[in-house]
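Here is the structure we will look at.
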Amino acid sequence: MAEPIRVVVTGAAGQIAYSLLYSIAKGDVFGKDQPIILILLDIPPMLPVLDGVVMELQDCALPLLREVIPTDKVEVGFKDIDAAILVGSMPRKEGMERKDLLKANVAIFKTQGQALDKYAKKTVKVLVVGNPANTNCLIASKSAPSIPKENFSCLTRLDHNRACSQVAMRCGVSSDSVKNVIIWGNHSSTQYPDVHHAKVNLNGAEVSAYDAVKNDAWLRGDFISTVQQRGAAVIKARKLSSAMSAAKAICDHMRDIWFGTKEGEFISMGVYAAGNSYGIPEDLIYSFPIQIKNKTWKVVDGLPVNDFSRAKMDATAAELVEERDTAMDFLSQ
C-alpha cells in the first residue's frame with residue numbers, strides 16, 4: 001500500500017465540501033489504492049460544525065481514510081500537503097459591490113498563498129474553487145513565490161461539464177459522447193463556452209458539434225447564455241449555490257491532474273496564461289483547453305479561432321485584466 005497523501009480542503013464545513021469529502025475519502029480522486037489524510041480547514045466559528053463532519057467521515061468507515069484533522073490554523077492546514085483544494089472564500093452578500101468582494105478575497109488568498117509558501121510541499125497541486133476563482137488563484141500564486149506557477153489552477157470544469165451536458169441533451173446522447181468543448185476565460189458570466197472544436201459520438205461516428213446539433217443559432221445564442229448563467233439559475237431554483245455539481249467537477253479536475261487526460265481529448269481549466277498562443281495577456285489565470293500528462297498540463301495550441309470566438313475570448317480576458325488590476329491594488333496596500 002502506498003504512503004498516505006495529505007489533502008487539505010478549505011471551507012470544509014460548507015456545502016460544497018460536504019459533497020466533496022466523501023468522494024475524496026473513498027478513492028474517487030487520487031486512486032482506489034491511495035491512502036489519504038484529510039485536513040479540514042475553516043474559520044473558528046465553524047469548528048463545531050467541522051466536528052460533525054469528522055464524525056460522519058469516521059462513520060463512513062472508509063478503508064483509505066487514515067486520519068481526519070479539523071483545524072482553523074493555516075500552519076496545521078497546509079503542513080506538508082500534496083494537494084490543496086481551496087473552496088472557502090468570502091461569498092457575495094446582497095448589496096455588495098464586486099470590488100468589495102475582491103478586496104475581502106485578496107486578504108484570504110494572500111494569507112493562504114503565504115501559508116502554502118511556508119508550510120506546503122513545493123510539489124503541491126493547488127486548485128482554487130472559491131470565487132472570483134481566477135483572480136483568487138492568481139493572488140494565491142503571487143503570494144507563494146517558491147511554488148511553481150504551473151502548480152496553481154482554478155476550477156472551470158463545472159462550466160465545461162455544463163457545456164458537455166447541454167450539447168448531449170440537445171443531441172439525445174450521453175454526456176460522455178461529447179468531448180473537447182472549451183471554456184475560455186473567466187469563471188464568470190463573461191466566460192466563453194466554445195464548441196467549434198467539440199466532437200459528438202452519434203451512433204458510433206464522431207461528428208462535429210455543429211453538425212450534430214444542426215442549430216447554429218442555438219449554439220451561438222441560448223447555449224452560451226445557458227452555460228454562462230447556469231450558476232445563477234441554480235441559486236434561483238435551489239436558494240443555494242451549486243454544491244453537488246461543483247464537488248463532482250472538483251473531483252474530475254483533480255483526478256485529471258493526478259492521472260492525466262484521455263488520449264486525443266482536452267478539458268478546460270484556469271491556468272497561468274504565460275506563453276499561450278492565443279494572444280491572451282500573460283499575467284492572468286485564464287481558462288484554456290488543456291491536456292495533462294505526468295501531472296503536468298499544457299495548453300492545446302494552434303486551434304483555429306474565428307472572429308466570433310476571438311471577440312468573446314478577448315471580452316472575458318478584458319474582465320480578468322480589470323479584476324487583476326483591482327486585486328493588485330489591494331494586494332499592495
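Backbone N, Cα and C atoms are what each Cβ position is placed from, and that goes for glycine too.
Per TrEMBL, these features apply:
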DOMAIN    6-152  domain 'Lactate/malate dehydrogenase N-terminal'
BINDING   Asp42, Asn105, Val129, Gly130, Asn131  NAD(+) binding site
BINDING   Arg92, Arg98, Asn131, Arg162  substrate binding site
DOMAIN    156-330  domain 'Lactate/malate dehydrogenase C-terminal'
ACT_SITE  His187  active site, proton acceptor
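Note: the CA-CA distance between Gly130 (NAD(+) binding site) and Arg92 (substrate binding site) rounds to 11 Å. Of all the binding-site residues listed (Asn105, Asn131), Asn105 sits in the most crowded Cβ setting, with the most other Cβ atoms within 10 Å.
Cα distances from His187 (active site, proton acceptor) to the binding-site residues Asp42, Arg98, Asn131, Arg162 are smallest for Asn131. Averaged over the domain 'Lactate/malate dehydrogenase C-terminal' (156-330), the predicted model has a pLDDT of 97. Summary for the recorded positions Arg92, Arg98, Arg162, His187: the Cβ-based neighbour count within 10 Å is maximal at His187.
Non-local neighbourhood of Val129 (NAD(+) binding site): Ile16, Ile85, Leu86, Val87, Ser89, Cys154, Leu155, Ala246, Ile250, each in the same chain, at least six residues away, with C-beta under 8 Å from its C-beta.
Separating the Cα atoms of Arg98 (substrate binding site) and Asn131 (NAD(+) binding site) is a whole-number distance of 11 Å. On a Cα basis, Arg92 (substrate binding site) lies 18 Å away from Asp42 (NAD(+) binding site). Across the structure, Arg162 (substrate binding site) and Asn105 (NAD(+) binding site) place their CA atoms 26 angstrom apart.
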